[in-house]
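Contents: one structure, followed by commentary.
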Amino acid sequence: MFTLAEVASLNDIQPTYRILKPWWDVFMDYLAVVMLMVAIFAGTMQLTKDQVVCLPVLQSTVNSKVQPDTSGKADFTTVETTTGQEEASTRTVSLGSAPTVTPDILLSRATSSQYQPTESGQELKKEQKDSPGRKTNLDFQQYVFINQMCYHLALPWYSKYFPYLVLIHTIILIVSSNFWFKYPKTCSKIEHFVSILGKCFESPWTTKALSETACEDSEENKQRLTGAQSLPKYVSTSSDEGSPSASTPMITKSGFKFSADKPMIEIPSVTILDKKDGEQAKALFEKVRKFRAHVEDSDLIYKLYVGQTVIKTVKFIFILCYTANFVNTISFEHICNPKVEHLIGYTRFECTHNMAYMLKKLLISYISLICVYGFICLYTLFWLFRIPLKEYSFEKVREESSFSDIPDVKNDFAFLLHMVDQYDQLYSKRFGVFLSEVSENKLRGISLNHEWTYEKLRQHVSRNAQDKQELHLFMLSGVPDAVFDLTDLDVLKLELIPEAKITAKISQMTNLQELHLYHCPAKVEQTAFSFLRDHLRCLHVKFTDVAEIPAWVYLLKTLRELYLIGNLNSENNKMIGLESLRELRHLKILHVKSNLTKIPPNITDVAPHLTKLVIHNDGTKLVVLNSLKKMTNVAELELQNCELERIPHAIFSLSNLQELDLKSNSIRTIEEIISFQHLKRLTCLKLWHNKIVSIPSSITHIKNLESLYLSNNKLETLPAAVFSLQKLRCLDVSYNSIAVIPVEIGLLQNLQHFHITGNKVDILPKQLFKCVKLRTLSLGQNCITSIPDKVSQLLQLTYLELKGNCLDRLPATLGQCQLLRKSGLIVEDHLFDTLPSEVKEVLNQDTSIPFANGI
């Protein structure tokens, strides 16, 4: 036997699940508990008191000797006055005939027996004479035997098993009600949802976010009523011609809230969030995001709940139908024919079921409960199909709060929220805070400002190569407000900050002229844009897709330098896909690192203003270059890694070109170099990292050439024509296959930097040391066996590379190179040790002359 507590545990649901139990489920659980109690009570009664009592029917006396004034009570009185063998016989006769009398006659007998005891005794004696029963001493055992047989033969099965059926049905209903909490594919999601929901409800950020919203709304209403706009904002000195259009991604709200002079509208107790609470809230945002992605793609929980409700409804109909048929079978009187006449002498018995009355009342109670249960099931089905439960709208929450971006949800996520609403709609409202990106951004902003204080940012400020104050922020959730308090900052780098917002406080940074946006589609307020438009001079934008470039970039009309690094493939975005560069009227330097196939037309919009154009392709062949002819003012042109096979003819039209860099292409021949004679201003030609095998003699026509870079090619000789360029100051032929340095090199009296590292030179001509202006001489990784003593003629030499040769000693005359020091002498240590000690001392002396190698 099991206890009631063990049975009740079948319906024991974790208390945390109560928020997913609507009122009808709770009510049905209580009904199920009551039905369970009915089953247990009925079963207990049956186990302790259930039995039938049977008496034989006397066939010879039933129809002839039934008097209205006889009664069972008189019979029992008579039996008590007799003794011995006669008593047993009398008891058998009288008890056998009593049940055949109708209840009305029995009642009259009971009344009359009080006044006619003598007549009853006489009648009993007459019936004894006609009794066919067998007189034995086992009459008690006979009736026990008959009672047991008739309990199984005469009593209907429903009277015997009714409590157990009720117990089974109730257990099935309980299981059906709570199956969706236990099914493996749903219980994990439900547990996760309940856990997240509870944390979201109790999170300090939820209260603070809603309180801050109320605070902001009241303050905005107050400002709107009083018209308080007394704070100064940056006033642009330029016209509104460059104002952003309606499609420009800027913050539409006024920048006063973030202005330099006005404190933020906040209540410290609201906006200041403990670091621990902030981290927990950020973790909740991530959990909600992942849970939504995990649950929204299916509707298993909804289908399972509908299925179990349908099962309960069908179960209710089934129980009601068959119970209605068997309710009348539970009766007090039953006829029994056990067919044991050879044992006791009687063939028919009338029996009474002493539990019939109680069971019938319990059955009626059970039917009443099951009817109520069924009506609730029908209501549940009506609720399930009346509204679309696989869609949930936060429209009301969006109206009541400032979080207008809370998305509507669907499928199981929506169904769980609908169930929660039946418990308390406040849960969904507070949960919606963690679905809002605006709320998440506010949290990030508060946590960010709490972590990145002015003092911490000041520690990250450094000096760059141009001796400017630079701050680099990497992978933050936003731009800390304290950044805009660094008024002496020159360069600001923002990298991998997807939610970067530049507020009006940037107008304080009067020294800011250079901005880097690396994978950072920053948004700006109107006041901030006006400041950037008039003060920003250099902008670096690195992106993956051209859509990441902020549209306001193309409206910075005072911009001087623009660096674009990212995918600008013409097939995807119609050649840069920019709004237009036409507004950048002061743009002088344009640097594009991408995968272009032709010069973008939008670049030609600013072609007349450009002085420097740099295009770095990622190995994509640059085919169409005709638009270069429009860039008449370009002084520096770089076309690197563009898979060029020849020098483009369009370059020869650039009359103002001073420097040409064709690094890392596939150029094999440079016969077109003769056309450079028309470029009178060309002073620097960089053809390094190509496949050039020879230098044409026509190079002599480039009279003004001062720098020639031919490193990392396939040259085997240096023609004498190269050394006719009297203005040449820098010659770089490193990493080729040159074996001999021509003696004509002595003609380059202005040569200051000569690089021939990584070749096959074995002998240094004495004429090399006639180039007395040499400051840099790179001779490493060759086959040189000795250094002539005439190296002492190079009085201006500051850098000498000899490492990787076949030298066995260094000339002592190195000490006469007045500007050469050990830091500028690149040689093996053992060779340096061969120098005399006085030479070593000279080379080890400090010098205040800055080192420069010209590269």
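Yeah, the Cβs are placed from backbone N, Cα and C, and that goes for glycine too.
Unlike curated entries, TrEMBL annotations are predicted automatically.
Per TrEMBL, domain 'LRRC8 pannexin-like TM region' is recorded for 1-381. Here TrEMBL flags 27-47, 161-181, 363-385 as transmembrane segment. Marked as region 'Disordered' by TrEMBL: 69-99, 112-133. Feature annotation from TrEMBL assigns compositional bias 'Polar residues' to 78-99, 112-121. The feature compositional bias 'Basic and acidic residues' is assigned by TrEMBL to 122-133. Annotation comment: TrEMBL describes 677-756 as domain 'Disease resistance R13L4/SHOC-2-like LRR'.
Long-range neighbours of the transmembrane segment (161-181) within the same chain, counting only residues 6 or more positions beyond its ends whose Cβ lies under 8 Å from a Cβ of the stretch, are 10-11, 13-14, 17, 20, 25, 28-29, 32, 35-36, 38-40, 42-43, 45-46, 187, 190, 301, 304-305, 308, 311-312, 315, 319, 330, 359, 362-363, 366, 370, 373. Tertiary neighbourhood of the transmembrane segment (27-47): same-chain residues 4, 7-8, 11, 13, 21, 160, 162-164, 166-167, 169-171, 173-174, 177, 312, 355, 358-359, 362, 365-366, 369-370, 372-373, 376-377, selected by CB-CB distance under 8 Å and a gap of 6+ residues from either end. In the domain 'Disease resistance R13L4/SHOC-2-like LRR' (677-756), helix, strand and coil residues by DSSP number 17 helix, 12 strand, 51 coil. Across all of the domain 'Disease resistance R13L4/SHOC-2-like LRR' (677-756), the predicted model scores a mean pLDDT of 93.
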